[in-house]
Amino acid sequence: MNAATKLPGELGPIHFVGIGGIGMSGIAEVLMTLGYRVQGSDAKASKITERLVSLGATFFEGQRAGNLGEAAVVVISSAIKKGNPELEEARLRGLPVVRRAEMLAELMRMRSNIAIAGTHGKTTTTTMVATLLDKGGFDPTVINGGVIHAYGSNARAGAGEWMVVEADESDGSFNRLPATIAIVTNIDPEHMEHWGSFDALRKGFYDFVTNIPFYGLAVCCTDHAEVQALVGRVTDRRIVTFGFNAQADVRAINLRYENGIAHFDVALQSEGAGHVIEGMSLPMPGDHNVSNALAAVAVARHLGMKKDEIREALAAFGGVNRRFTKVGEVGGVTIIDDYGHHPVEIAAVLKAARQAVKGRVIAVHQPHRYSRLHSLFDDFCTCFNEADVVAIAEVYAAGEDPIPGAGRDDLVAGLIAHGHRHARAILCEDDLERLVREQARPGDMVVCLGAGTISAWANNLPARLMGKAA
């Protein structure tokens with residue numbers, strides 16, 4: 001048995017179906033670091049799978065029954081459905097089939113754990129908590145939902161007692177995770193295809209918080225009405241609140257922005273009057289990012305970190321991939337790639353962009369899933385108000401069938417009907433390039449938003465602009 005886990009040390013190859021997924025790859029990487037043999041498949045190779053191969057994993061491009069080889073256990077995510085050839089082969093052989101969250105929970109069993117949940121902000125907050133614990137000398141194990149720039153990966157295996165994980169509420173699996181400290185950033189109606197109703201999602205978050213042990217801690221953002229209501233329902237667990245509001249235990253005050261950097265103080269109201277961390281800075285704009293940082297500060301203080309350590313760690317924060325990531329600057333125009341695909345996220349990112357530049361903000365969005373656009377259509381029509389120009393690409397279907405009234409052109413029409421002065425459709429990367437050449441001027445910012453292929457467009461855009469300009 002491995003000292004860091006209860007998994008048998010002699011366990012044969014662990015096969016991941018969909019190993020290139022951001023949630024699966026982090027678990028695979030930590031297992032390899034612990035000495036286990038890992039293999040897996042995905043539809044195509046990627047930077048993630050290339051990294052895993054460089055660490056010793058065996059990768060199969062495409063999914064077929066023969067890929068299992070001598071696998072002793074098969075790990076699947078909620079995206080893997082009945083009929084997948086590798087899943088069917090595993091069941092035919094009688095192999096254990098383990099959900100991603102179940103394997104993650106196994107890795108967490110021998111440690112104290114910090115689990116970060118919320119409809120938005122999980123990945124950035126997870127990265128911030130990891131950054132602070134690194135600075136505090138805790139040497140945590142980390143499994144995140146995005147690539148942490150300081151690691152060059154979404155995971156690392158540390159030697160310390162603590163483990164920091166992003167807790168995914170999309171399929172309810174976060175309630176399987178044995179959290180010691182549970183963070184809740186916000187709660188919005190999302191992933192209704194799993195939960196069925198907002199009340200069921202609320203219950204899921206309630207269970208997430210109340211599942212912590214009696215000696216644990218819940219860290220909750222009471223700027224969000226749903227989270228404040230959750231706090232009011234929890235009566236038998238210790239809770240520390242954070243936010244901008246005057247009642248928060250860990251509160252941001254004196255916030256200002258300068259050249260895209262947030263400067264603020266943190267009032268530690270739960271520690272008594274006069275306890276303040278002064279002179280905090282965070283090298284990324286956005287009130288939502290400051291809020292995420294407050295959650296990390298609350299955890300760091302709970303674990304005994306000093307004010308100077310916290311201040312220095314956040315000032316050097318390197319960020320996380322696809323969370324307001326600058327991918328280039330051409331002719332004075334800054335190009336940003338961001339994962340935001342929910343109206344709340346889009347509005348927050350565009351507000352951050354407005355705080356970061358003196359010029360105009362040009363938003364380019366690829367809606368993710370017809371079902372999301374359909375269920376939140378009015379919110380999508382009003383979340384782009386901070387953008388001077390909005391361009392909407394074709395919906396990234398993610399396997400869904402089109403829904404009447406929930407397409408690209410419908411959203412453009414909806415934006416115009418709701419009063420946006422400059423909304424238009426784009427068809428392809430060439431259209432995006434033409435748009436930027438036509439609209440962008442020095443000092444402007446182009447923000448590409450979405451969870452699909454829009455990231456590739458954003459990353460290609462600087463070279464396209466420079467190549468055509470040469």
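Note: Cβ is positioned from N, Cα and C throughout, glycine not excepted.
Per Swiss-Prot, these features apply:
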type	residues	note
BINDING	G118, T119, H120, G121, K122, T123, T124	ATP binding site
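Sequence features, as recorded in Swiss-Prot, placed on the structure.
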| residue | record | CB count, 10 Å |
| --- | --- | --- |
| G118 | ATP binding site | 24 |
| T119 | ATP binding site | 22 |
| H120 | ATP binding site | 22 |
| G121 | ATP binding site | 25 |
| K122 | ATP binding site | 26 |
| T123 | ATP binding site | 23 |
| T124 | ATP binding site | 30 |
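The Cβ centroid of G118, T119, H120, G121, K122, T123, T124 marks the ATP site; residues of that chain outside this set whose Cβ lies within 8 Å of it are I116, T125, T185, N186, N292, given in sequence order. Taken residue by residue with DSSP, T123 (ATP binding site) is part of a helix.
Reduced to three states, the DSSP call for G118 (ATP binding site) is coil.
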